[in-house]
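Some features that TrEMBL has for this protein:
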DOMAIN    B:40-173  domain 'GCVT N-terminal'
DOMAIN    B:218-323  domain 'GCVT N-terminal'
BINDING   B:E259  substrate binding site
DOMAIN    B:348-424  domain 'Aminomethyltransferase C-terminal'
Amino acid sequence: MDAQHDHSISVEREREREREREREMACRQLWASRAASYLRISVFHRGFSNVVKDLKYADSHEWVKVDENSATVGITDHAQDHLGDVVYVELPEVGAAVTQGGSFGAVESVKATSDINSPVSGKVVEVNEALNSSPALINSSPYKDGWIIKVEISDNGELNNLMDSDQYSKFCEEEDSKH
Amino acid sequence: MRGGLWQLGQSITRRLAQGDKKAVARRYFASDAELKKTVVYDFHVANGGKMVPFAGWSMPIQYKDSIMDSTLNCRENGSLFDVSHMCGLSLKGKDSVPFLEKLVIADVAGLAPGTGSLTVFTNEKGGAIDDSVITKVKDDHIYLVVNAGCRDKDLAHIEEHMKAFKAKGGDVSWHIHDERSLLALQIFGCCVIAHSFAPTSCYLFSHDLVMVLLLLRFLQHLTKADLSKMYFGGFQVLDINGVQCFLTRTGYTGEDGFEISIPSESAVDLAKAILEKSEGKIRLTGLGARDSLRLEAGLCLYGNDLEQHITPIEAGLTWAIGKRRRAEGGFLGADVILKQLEEGPKIRRVGFFSSGPPPRSHSEIQDEGGNNIGEVTSGGFSPCLKKNIAIGYVKSGLHKAGTKVKIIIRGKSNEGVVTKMPFVPTKYYKPS
């Protein structure tokens, strides 16, 4: 009876997570589609934005570097190029829970605010305090000194939802060509 | 991560289109083909312009320079902006002055020919329909420029009142200068250089100013007018390189400079000439930096800091109501405005410094006890000051400089303080 009950709850939770993920993906795709068709930004690049080979990438332009259960997260060079000069980074608290695709902080440029979404689920174990006094590190060094959070990963399987560097480069080119 | 320049374009376009729900709905799915292009469009793209929708136009928000660098360079050297999306028009006729005085708060009759002023078109409740720079060319000719996002409603408003005015025998007609383009050239040190033609000012020269001097001489060379005697707000119709231009000594950045209305077929050539002669000092500058500059100068952005429900008194533009007009009224909404002049308004536009994230439109403002006292209408990070600045409205009585406030951003409370504006001192060229 207990085993059966626990199993039911577990299955239901799994279904709920799937439904949430589907809703979130649908909303994100809808937003991206509308934003792309609506804004039509013609983008100048100083050449192609840089990507790093051994990282994983989210379609909301964050990167993640995984070392067993430890992940380092930041925003991509493509993202900081679009943002312009970063003047403030809103960091989460150590210990905060993050979920894949969910917002955990914000980046402020001279003109605009952008949410930062986590590419993985888990718990924040470290934040880059240097960004409090030097937010421009995100512009100058998005893949190294400009990292944002470190996460203890709860589900390595989620990495399969992310892009590798080649896929991400292609994704950015397609996104730019639509604008 | 979403937002960035996309968010800015989206935010401004939506706000400017606020008065027209249909336009918002339509524009949301606008294709490239539906956005209008200035004649300088291809030049922008060729120079690395990032084009975004703005009030129905495809406009450059930024070029290769970052918005931060563009803003700083405008104040250090100078900028060239394409503001052709704004609408220029002329009112002509014996009664053009009394006609316009029914619609705006300025003392148009009191303007000397060849001078102009910032003014506000009011609605019947005294609220702002738009802000505009008006200039008197002659007693029977007014030239004015209105904001791009307000063009349709402004023209409809003017046309409606013009019909009624003419029906009563008034002599006024208009021409919309759609055959012209508008460039805004903002130049640091222009006033210093102008005075520096006198020997006693020679010590003011520096290497950078030499470049700007070359540019001023370039402009001076193209026309017979003496630009050193043309002060802030001044207006001249003159030939530049053989082309008839309307030159207004103004800008919306706090810097000295000129708005140049030029026949569209010559606009790109003039832009190229200005950039080449300045040898890289004057930079093409987009609307992103322009917004930072006007914010630093404490100037209103229609759709943010000025709207139909905000009066010029509340907006701190009492200075723009001429003395005679305060006594006589005679403009739409005069009863509301003159009453506010007498009794004081209930809310006031003020500036803020703050810590934490930059404030943006709609951030709530609270007093130190946590009570709502107002709202931010414009805000961001100041490239010149390297700190957060904002414009907003607070309840009268809480508007004095030094008043401590809380600004609520994403649910968190941040320290702020009321301050006088401009945040960055203006450098308008005025008689000494």
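Each Cβ is built from the backbone N, Cα and C atoms, and glycine gets one as well.
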DSSP residue counts for the domain 'GCVT N-terminal' (B:218-323), split into helix, strand and coil: 36 helix, 25 strand, 45 coil
PLDDT averaged over every residue in the domain 'GCVT N-terminal' (B:40-173): 96
Protein Cβ atoms within 10 Å of B:E259 (substrate binding site), excluding its own: 25
Helix, strand and coil totals (DSSP H, G, I; E, B; other) for the domain 'Aminomethyltransferase C-terminal' (B:348-424): 0 helix, 44 strand, 33 coil
